[in-house]
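Notes to accompany the following structure.
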Amino acid sequence: MSFRQKRTRIPLLAMTVTALAAAVCGVTTAPAATGAEVAVPLSVGAAAGNATPIPGYVIQSSAQVSDDSAVSKPGFPTSGWYPVSSRSTVYAGLLQNGKYADPFYSTNMQNVPAAQFSVPWWYRTDLNVDDTSSRTYLDFSGVLSKADVWVNGTKVATKDQVNGAYTRHDLDITAQVHTGVNSVAFKVYPNDPNRDLSMGWIDWAQTPPDQNMGIVRDVLVRRSGAVALRSAHVIQKLNSALDHADLTVKADVRNDSANAVQTTVAGTVAGKPISQTVSLAAKERKTVTFPLVGLDRPNVWWPAGMGGQHRYDLDLTASVGGTPSDAAKSKFGVRDVKATLNSSGGRQYSVNGKPLLIRGGGYTPDLFLRWNETAAADKLKYVLNLGLNTVRLEGHIEPDEFFDIADDLGVLTMPGWECCDKWEGQVNGEEKGEPWVESDYPIAKASMFSEAERLRDHPSVISFHIGSDFAPDRRIEQGYLDAMKAADFLLPVIPAASARPSPITGASGMKMNGPYDYVPPVYWYDKSQKDRGGAWSFNSETSAGVDIPTMDTLKRMMSASELDTMWKNPSAKQYHRSSSDTFGNLKLFGDALTKRYGASANLNDFVRKAQLSQYENVRAEFESHSRNYTDSTNPSTGLIYWMLNSPWTSLHWQLFDAYMDQNGAYYGAKKANEPLHIQYSHDNRSVVVINQTSNAVSGLTATTKLYNLDGTEKYSNTKTGLSVGALGAKATAVTVPAVSGLSTTYLAKWVLTDSSGKEVSRNVYWLSTKADTLNWGGSDWYYTPQSAFADLSGLNNLGQSAVGATANSVAGADGTTTTTVTLKNTSGGRLPAFYVDSKVVDSAGKPVLPVEWNDNAVSLWPGETTTLTAKYRTADLKGSKPSVRISGWNTGTQTVPADGSGPGPSDPVDYQAEDATIVQGAVESNHAGYTGTGFVNYDNVAGSSVEWTVTVPSAGTYDVVVRYANGTTTSRPLDFSVNGSISASGVAFGSTGTWPAWTTKTVRVTLAAGVNKIKAVATTANGGPNVDKITL
């Protein structure tokens, strides 16, 4: 918003702010707040240009209110009302007050009575005004979806006037305001995205029970003199040489007094003075256009990785008789954006004359629209950590601060309207969303004007989608275009995210052909299927659907029985996938996982196989588009992965989850989007080097190696002297020939080194001699079935390997800590340590999130070493010392200290029971006090066992410290064996009193240097104790 000033946010109450922060993180345990009121009314200053956000409200159902006019009268009793933050839906406010259990867990949200949200809810607050000589306004948008507005007992706007989530309102309440305490109240009406031009959740997640009714943006209390200054902005035009920009400053001045006035509007733009005097009749409004300002050698704004992110300031004051009346401040960037159609009809974006491949994801806010600036910044930092450059916002257009963050980070944004509800109800046939009535047209036009005004000066914004699945009809489109013209929104306008054209703007240059559910990696490379989602043109939203989170997150979001159903019966309805029947289960994904990787033995096995599947699929999706970007015909020009993140704890459409944890999909995307990258083509076996940096590179060496699963090398090739251009250019290193004697499942490793021999890219694939074959003729809009499946089940028999690990941490002055982890394959033989994942954890074994790794999910052959770094907020350790939990497909799990003191040979290493091999037992989490993601509950049978794979640097005697619980009154003995030989028999594990009471037992064993297997076997019909972990 061009006139929005930077400000310090004013807390509602310390208690409620803390509760909100917890709620945004998915924790909804907050102090009860019934009977509480806002402690002190907001003091509203009288200075010209003062814009103070209302810090919070108390809310209550209108069913509890008998007299509407009384609510906004000072002194109205609000005992029993709920204090909420400045931007809060009704349900979010009730969560903030601890009224309902964590909605991110299990089916808790399903149990919330929805009837209470079928009536309006009141939002009430008090303002303290000491000086009424200034005029007073309420300036706001973000009401879902309509409201009556009351001030001091007077209705100043009706729900027919305040209608639409994006419409902006500037209510002059000067006549209602008096000295002292004043009261403002919004009567917010129920939201229905199918009937209202607001926000809905389509098939992304379960719909909140209140459908997000509430106020989700700031309401500003503005003060000014007779003349109000609005809509200050800069139209900038950058020349092709990037060495000069012309700046045109415009602003609206409005005389709200009953007398004619003369006002002088003066200030600076990019440090250069400007001034103009204007005469205004009573109640007259004029647009002031200042003379052109030239800017030589401007600091041009660039996307991240292409240059800097400089922004200039605009600072204006409107004065009457030499006295300031109103003021406006804003920032803007100097840059040029184009989005033209190439010869194949695809949409090609360029910034400052440089074409670029759009690589992004579909962004979503929190399911309850709870704004958290830190969380939003974390998400956009993940975008850069992934190597992406763009986010698409389909509806749910975030507040001003979001775009400020994107501007500062250099993340491109593609906002636009959403599909599948009222926004497209006039044009989408039988799909959801009611057809428009006459009153919808001005609301849509006003929404477009408001958002265009707000977004136009943000250099991160590169276009606006006026349609998603469907383009608007002529009347709707003309309204949008007229609004954009009036708002001086000069960026590209995209008629639809699909291939549907609009009557005026014409072709979209984009496609939305799916898939949205499982397809194999080879799918993405096929350009011959013109109605499918392969890597050609601009793919505005697509993915292989399911993205299973890590076990850490799954334990936080689903009950034990739900997790059991998830892996045993993927065809069952999954509440945490989607409300849609099409995407309500995991059947397509589960079937493919079993056919390609083999049947899952247990939950852990299902989850780890899911990570491999997601990694290979997401990697292929991005790699195929990067490879095809420079094709001479029908190139790929953009890919928006569906989606970047999920609004809640979800099983699909996410590169990272609601808790910011990173799964296989994340690391597959990160690998594919390395700045300088070597990759394999699933369709034609070519090995290609992609350079996404701004500089050409030469002197590269590409090495190819193929291995059977027993470690035998079957093919090797080295290509030297490779050169590759900049900004998405590619060079082919080799095409892998047919190789005889490969195992059905085999491994491939590609390494790219620079002219100094330094490794700059490593990429490991697990492949099959049996191909995935697609049945294109059986395609549906959301997936394409397979007639044959690759066989990757050989990975289940990959022999054990060993990883040695050391870690160290350094806390920085900026409040972050960097943990460095060095991994080495210490096994003898030929087997790699495959898919080794590292996590920074706190003293309780919980992941420290968010975290930015330079690389992860790595594979190392014997003797190979890699060093990883992880950066995170020191405060997220919550006072504990960091450790690193390291788990690999064939290495077991270990936890090494990383507390900054430096690891030594005697440092203990933890091995979690839930990551071990379990026979006749189950991983559970129903008793508190465990570490990691759970514990093992032995079946009540002799012979049930847990077997850990451990690594030690040298042969000798070691203490195995077993952390266990036994809630019975009898001992549950275990036999311990090492590498198949009994080491300790009948070790007693006595009662601990209760199951949540944990203690330790030490068992001394003799281990060989390198990899060992330690098995603990129950010797009685009672089975063993619950085992949390062993520490070696």
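Using the three backbone atoms N, Cα and C, a Cβ is placed for every residue, glycine included.
According to Swiss-Prot, the protein carries these features:
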ACT_SITE  Asp469  active site, proton donor
ACT_SITE  Glu541  active site, nucleophile
DOMAIN    909-1032  domain 'CBM6'
REGION    883-908  region 'Disordered'
SIGNAL    1-32  signal peptide
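Considering only the active-site residues Asp469, Glu541, the Cβ with the fewest other Cβ atoms within 10 Å is that of Asp469. The CA atom of Asp469 (active site, proton donor) is located 10 Å away from the CA atom of the residue listed as 'active site, nucleophile'. DSSP states for the domain 'CBM6' (909-1032), grouped as helix (H, G, I), strand (E, B) and coil, give 3 helix, 68 strand, 53 coil. Per-residue confidence over the domain 'CBM6' (909-1032) averages 93 (mean pLDDT, predicted model).
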